[in-house]
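Notes follow once the structure below has been shown.
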Amino acid sequence: MNDLKRLYSTRHQEIFACASSQYYGIAGSGTLLVLEQSEENISVVRSFDWNDGLFDVTWSENNEHVLVTGGGDGSLQIWDTANPQGLLQVLKGHTQEVYAVDWSQTRGENLVVSGSWDRTAKVWDPEQCQLVGSLQGHEGVIYSTVWSPHMPACFASASGDGTLRVWDVKAGACRLAIPAHKAEILSCDWCKYDQNVLVTGAVDCGLRVWDLRNVRHHLAEMISHSYAIRRVKFFPFHQTVLASCSYDFTVRFWDYSKNQPLLETLEHHSEFVCGLDFNLHVPNQVVDCSWDETVKVYTPSCLTSL
């Protein structure tokens, strides 16, 4: 396993998933791993193989056993961990690698969004296994697609073209395009407390916080990483706190409202750190994963002192 991304289950505090790829995702197969955390260790509950690399994973908001992954063959895979065969359906539509998938979080909505190297974002109905819409506008690879936790039918995307875009699925259009960095943007995330605030992380080693009501200048900028930022994530229990992981082998925690925003730096991996998530059920608990083939669960001291 050389490329991992995990997400805590929406229902169980001790279950999380990893999407993995052989040979750094360049060639070879992929594996979806469902892991369980106990007091002693982390163990594999289920594993499912795919014939190409898997780059991202997202849990169903409605079914604790169902996940979606994005693959190097341009398809999305729907999995049922309660099913011995695992694979339920394959969704085809992208022409290149699917690098991002996310399940909608707003009530009354059951949609998956995917972002691809083919520069399109696609919206799917996972129950009907149908393509709902395909959105174009990015001029580079789409590395991140994330549904708004506040606004129905709205998601953000981050791209290699240096822009952050906000999309309206019902209108089938981009509502806002922000030239957020002069470098590839690998990740974005929404603030859980303010529907207008997002964060971006880029190859330029910087994080920028944006207020959609005034995008002429970023709300905050944080620079400390020494290599590209692979994943950014807002803390679900504090409005201005967030985390980032990077190809510099570190995970960093920030409070963008402070003059000195860096709260803590952890360097407990020996390779690129490419996955990061907060536990919604256990406040302050974090999980991350790395190309060094390890997954770590921990509670940073900076979060317990907030």
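Cβ atoms are placed via backbone N, Cα and C, with glycine included.
As recorded in TrEMBL, the features of this protein are as follows:
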- 57-89: repeat 'WD' (REPEAT)
- 91-125: repeat 'WD' (REPEAT)
- 135-177: repeat 'WD' (REPEAT)
- 178-214: repeat 'WD' (REPEAT)
- 222-264: repeat 'WD' (REPEAT)
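Confidence annotation: the repeat 'WD' (135-177) carries a mean pLDDT of 97 in the model. Taken through DSSP, the repeat 'WD' (135-177) splits into 0 helix, 25 strand, 18 coil. Sorting the repeat 'WD' (222-264) by DSSP state (H, G, I as helix; E, B as strand; all else coil) yields 0 helix, 22 strand, 21 coil.
Per-class residue totals from DSSP over the repeat 'WD' (91-125), listed helix then strand then coil: 0 helix, 19 strand, 16 coil.
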